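Noted in TrEMBL for the protein shown:
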type: BINDING; residues: ARG89, ARG99, ARG127, ASP216; note: substrate binding site
type: BINDING; residues: ASP216, ASP240, ASP244; note: Mg(2+) binding site
type: BINDING; residues: GLY274, SER275, ALA276, PRO277, ASP278, ILE279, ALA280, GLY281, GLN282, GLY283, VAL284, ALA285, ASN286; note: NAD(+) binding site
type: DOMAIN; residues: 1-345; note: domain 'Isopropylmalate dehydrogenase-like'
type: SITE; residues: TYR134; note: site 'Important for catalysis'
type: SITE; residues: LYS184; note: site 'Important for catalysis'
Amino acid sequence: MPGDGIGPEITEQAVNVLKAVVEGSDLELSFTDGLIGGAAFDAEGQPFPEITRQQANEADAVLLGAVGSPQYDELDRPLRPERGLLAIRKELGLFANLRPAMLYSALADASSLKPEVVSGLDILIVRELTGGVYFGQPRGIREVDGQREGFNTMHYNEGEIERIGRVAFEAAQKRGKRLCSVDKANVLETSELWREVMNRLAAEYPDVELSHMYVDNAAMQLVRAPKQFDVIVTENLFGDILSDQASMLSGSIGMLPSASLNEKGQGLYEPSHGSAPDIAGQGVANPMATILSAAMLLRYSFGRGDLAERIENACVAVLDQGLRTPDIMQAGMRQVSTAEIGEAVVNALGN
Ligand code: NAD
Ligand code: IPM
Ligand code: MN
């Protein structure tokens, strides 16, 4: 589902890479194109049409570009592209959003932070994706005391907290065994419960060291000393903000992939960035985040970590060759287009 803005440009490259890596392997993938976001609104009058809903449910995995564009910002909220994205996440029950932020060594100087602060960085943000203030009822704009008031509701029940907690503890077990739960327990009741459930779960994962941090401090620590983190688990809105922030540690938001998983093993894979209307249609968008999302697709939805690694290694090789889109351009490197990055990754797969 390419979506809007740079979505079609970047998904085209990721699909080419996917097709190339499965060719000659024992995995066969069949592809279907789907409409979502503004593209779906234009064609069907809705950001998440019924046909797309069916396609999503039938698929083992969805690869998504991005949604949104200023031209849709004046539409009624239920018709906006972003609603399409929220709807597909909710429809498939994709509660676990994994956003890994790594610094590839070739990009040590591309980050806005000093190389010694970010070199070797490898953190995973586990963001709760189907709850919190994004979906809480009641919500709306109402008239109170003669003026309009906007209101949203944040709530989390124990079950929602526990299932995202388990995903994070299990991820930490497979990595550096350190989990930092980020909340605002000094102010919010949702966070108070969140912290209580995380502490309770910790007893079941004695090999994982659990710590807690307030979200404001976490934002500061991510910039001050990001390598102190291994896995971060947090609620929907905090995770949205912190993952964009973490993306700059890896050089560019164009480098940050994501996987959104449900309890049945289905997944949606998309870059963490948006539709970048400011650069859409120019062939300059960085397709790496989408290509790396395709690697996560092979790993999580098809159990093919081997093929995922081939894509990841190919991305490293392309960066080592000095090929760069403008967002990660550095002195002495060669600036190339979105499509040229995609082609170079295909070539570096070494089929
Ligand atoms: P954005 O992530 O689209 O862009 C922020 C900045 O990062 C822009 O300067 C953009 O050019 C740059 N950028 C993003 N991806 C890039 C890439 N692959 N290569 C190079 N540069 C890249 O965020 P925004 O501008 O706040 O939002 C634009 C639209 O995207 C809005 O409609 C928003 O709702 C939507 N959005 C969608 C998603 C999604 O589909 N998952 C995520 C975030 C924002
Ligand atoms: C993201 C985006 C979305 C979110 C928007 C477009 C609904 O920012 O995927 O991070 O807030 O989850
Ligand atoms: Mn976001």
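In case you wondered, yes, glycine gets a Cβ from its N, Cα and C as well.
TrEMBL entries are annotated by machine, without manual review.
Structure coloured by features recorded in TrEMBL.
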residue	record	CB count, 10 Å
TYR134	site 'Important for catalysis'	18
LYS184	site 'Important for catalysis'	19
ASP216	substrate binding site	13
ASP240	Mg(2+) binding site	19
GLY274	NAD(+) binding site	22
ALA276	NAD(+) binding site	24
ASP278	NAD(+) binding site	9
ALA280	NAD(+) binding site	18
GLN282	NAD(+) binding site	13
ASN286	NAD(+) binding site	26
By Cα geometry, the one of the recorded positions (TYR134, LYS184, ASP216, ASP244) nearest ALA276 (NAD(+) binding site) is ASP244
Once DSSP output is merged into helix, strand and coil, ARG99 (substrate binding site) belongs to strand
Filtered by Cβ distance under 6 Å to ligand 1, the binding-site residues GLY274, ALA276, GLN282, VAL284 reduce to GLY274, ALA276
Model confidence for the domain 'Isopropylmalate dehydrogenase-like' (1-345), as mean pLDDT, reads 97
Among the binding-site residues ASP240, ALA280, VAL284, the ones with a Cβ under 6 Å from any atom of ligand 3 are ASP240
In the three-state DSSP scheme, ASP240 (Mg(2+) binding site) belongs to helix
One should report the C-alpha separation between ASN286 (NAD(+) binding site) and LYS184 (site 'Important for catalysis'), rounded to whole angstrom, as 34
Cα nearest ASP216 (substrate binding site) among recorded positions (LYS184, ASP244, ASP278, VAL284) -> LYS184
